[in-house]
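Below: one structure, written as structure tokens.
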């Protein structure tokens, strides 16, 4: 039986392994397993985020949009963009003279986001791509964002290095992610995550396993200070983070200076 503080189960010997929730799996399998989760939840992704955050993800995204300070004419890349919430806001701010891309490794997720942007009257270019191998020129974007996506990436360091590569000097990376909650709230948060959330996933989406993985993936994600160090290692300066709702989520940001 797994607990919120369990160690990952072992992958087969002789293979490079990584974590998939609390499981240790061969690296080659993680992307496939994550894809299966998000194919399953794509049509109810906003419901999933509402369940995981008690609706607060909308407030956190609004804070991220404000910190991005996108201006007319800017070029913006939204990675793992899901249903397009950030891309929609960025496109409105960048205006017709700007350029905003919505990307996701998962075609099902990208289709939902693309359709919603079209329904909003916004023509935003989209691309299915891996954040570890971005198909964009170096020093191209003024802003790069990733919301609730980094924790699902196999090699977070490679992904952060790629995000830094495509930033212009003076450009900013923003990483919004579930994080390490303040200790006094941890017992209640763990109980909610590992009991209530899977139960609601089963009732709302008939998919208990995917929601259990999502809870586990949050616990395996680096804490705030560790992630800040990873941004610095990727080549970013002026790195800082903002705890949101007592650390249930955190917004990290860094600037490429050279």
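Cβ atoms are placed via backbone N, Cα and C, with glycine included.
According to Swiss-Prot, 104, 130, 131 bind S-adenosyl-L-methionine; the candidate from 64, 83 that the record adds to this site is 83.
The full span of the recorded S-adenosyl-L-methionine binding residues, 83, 104, 130, 131, taken as their largest Cα to Cα distance, is 17 Å.
The binding-site residues in question are 104, 130, and the one with the fewest Cβ neighbours inside 10 Å is 130. DSSP classifies residue 131 (S-adenosyl-L-methionine binding site) as coil under the three-state reduction.
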